[in-house]
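J.: After the structure tokens below, expect a handful of questions from me.
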């Protein structure tokens, strides 16, 4: 029973982290039809920025611990905004309208460039910013002690999901975006500033990626390569849920999170297998993913 | 949709990226050449060490260890002793077996090496060891530790001169046996990286515990991937399993990350964490800061503060004078590798005859910094694995090796002869691989 509870809790925590990472990826694909391989790098940049800032804050004994949480979010917002604007305006804007496969290759190249750039900027030694994690303490859930930071992460993830849904479904900007997703050409004809909406969407996506990295930084060691690992998992999640679907990403994250937690607790040797096993199983029966839509091809 | 082309912002991005790349340090592999010139060298040694990436510290320390060995040999030659002149070429295999094999092949073709040395990853070492056998090049392994390389996959051209997973786990098993008498612990769990070294370490520990007749309950084994950044789910699983002791084969940054993340939980309040092979490495000591987490049981292949002998003090001091920092165990491993090659050439009379060199290495005695008083390491003629004593201890405050504020102390010392795998064990393991009639009995806790 304790073990089952542990699986549910660990799985939910892992799922919330996966959703945080996958949300930005699926938003960008949904609106811009770009499979953004560089999303993992935005996650890593967020993690490095937050770990550096929080590390500096605590090493210099600057002030109370609660400020470190603001620093985490602040680092993510600044890093996401800056990198998002540079990449969208400086690179992707030159490539819009090209084949989706070409965009995958371009963003993959960007991923490699950013990975090496991060090594140049932050080096290869691990960064630790564990203080915000340990400061929040732990809560007893049955016989288990669960980190309050992890529980907070579940809450943040749920709020973020709701916020994204509300933004897309309940705001004018969201309606415009959905119109663009439905038919980009008609949207242009109706006077929608597509270029501006693309910039907003891409920067939102990169900021979500950076935020995921920043919020994860206190729980992990921030090392070279975390972006590459993350992007593979995030792709598995969005493919299971259906590319471009926020709800799908949430369900995909839950499926992957719970499966992995069950594997770690009951069959550790199958830990990696189950993630991709679940993905293969879903794609075998629903190639478009659980919540993906099959679109008629325009000729 | 019409998209206007705006070259200005693109150009700015390209210029900015170029500037960053030009002003930053290049993250590229480097080839090192040390020692004698090609014309004067008695033998060329091709070494493979990580110079970039997360394990670069071990590569850099190994190069310094090699330089200390070359200095020692030069000093001997200056006094008229027959120390050979070695030319060392070191390159970065980038932790990739295929790339390492290509570099090693280039060493043979272009540099005419007579020996291979080094290699941190056991997986990469397997591949290069196979090449060494095919090309008849003597390989002196220094850093990788899977005992499979010298037992199941051992061959006449392969030697290893630092503690392997068997030696470390045999010492660990003895420490656990003694601890059980003191504390009565029963439940044991294991967490190790999901590749050869991790799995062999767990298997070696179980076999060593069984040989000693230690009774225990295995409550879990976990296999995170190498370089896993997030251990929280594994830490939760270990806590759920209520292990009294967790033994780990995580190393370097992974072990540090595990400790840091476990420290944010109540892990250390209820569980002892033991790392018998790499845990006391100097980079771990530094990363612990001033937190001697309770229940940490550590050892490593070389300690800066044990044994308290002139030879060890001289090695550590010499390293510190050359670099301004203290060595990880990789430095002493590389030092040992070069000294073993030099002594083998001396004993064989030259570096020309494979058979003579192999014979010279088998049983070769070496007085090393990590040898306790009255003992000299030697290479087991059967397994080609060096036989060494090992010290296991707990973390204590010690600021003699700054910036580290902690070192390992409260030593339990285990004799080298006790840590050798028995002939029966070696035969069983080799027979099991060869499909012989006998097989290694499955570990039964």
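Just so you know, glycine gets a Cβ as well, placed from its N, Cα and C.
OK, TrEMBL features for this one:
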TRANSMEM  A:12-35  transmembrane segment
TRANSMEM  A:65-87  transmembrane segment
TRANSMEM  A:108-129  transmembrane segment
TRANSMEM  A:149-168  transmembrane segment
TRANSMEM  A:188-211  transmembrane segment
TRANSMEM  A:231-258  transmembrane segment
TRANSMEM  A:270-287  transmembrane segment
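Each of these features: where is it, how hidden is it, and who are its neighbours?
T.: Long-range contacts of the transmembrane segment (A:12-35) within the same chain, counting only residues at least 6 positions beyond its ends with a Cβ under 8 Å from a Cβ of the stretch, are 42-43, 92, 100, 103-104, 107, 146, 150-151, 153-154, 156-158, 160-161, 164, 177, 180-181, 197-198, 201-202, 204-209, 211-212, 215-216, 230-231, 233-235, 237-238, 241, 243-246, 248-250, 252-254, 256-258, 260-261.
Among residues of the same chain six or more beyond the transmembrane segment (A:108-129), those with a C-beta under 8 A of the stretch's C-beta atoms are 37-38, 40-41, 44-45, 47-48, 50-52, 54-55, 58, 68, 72, 87, 91, 217-218, 221-225, 227-228, 231.
Outside the transmembrane segment (A:188-211) by six or more residues, the chain places 20-21, 23-25, 27-28, 31-32, 36, 39-40, 42-43, 45-46, 49, 73, 75-77, 79-81, 83-85, 87-89, 92-93, 96, 160, 173, 176-177, 179-180 with a CB less than 8 A from a CB of the stretch.
Nonlocal intrachain contacts for the transmembrane segment (A:231-258), taken as residues 6+ away from its ends with a CB within less than 8 angstroms of a stretch CB, comprise 7-8, 11-19, 21-23, 25-27, 29-31, 35, 37, 39-40, 43, 111, 161, 164-165, 168, 181, 275-276, 278-279, 282-283, 288-293.
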J.: For the transmembrane segment (A:149-168), what are the same-chain contacts with Cβ under 8 Å, counting residues 6+ beyond its ends?
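T.: Distant Cβ neighbours of the transmembrane segment (A:149-168) are 12-13, 15-17, 19-20, 23, 27, 132-133, 136, 139, 174, 177-178, 208, 215-216, 218-219, 246-247, 250.
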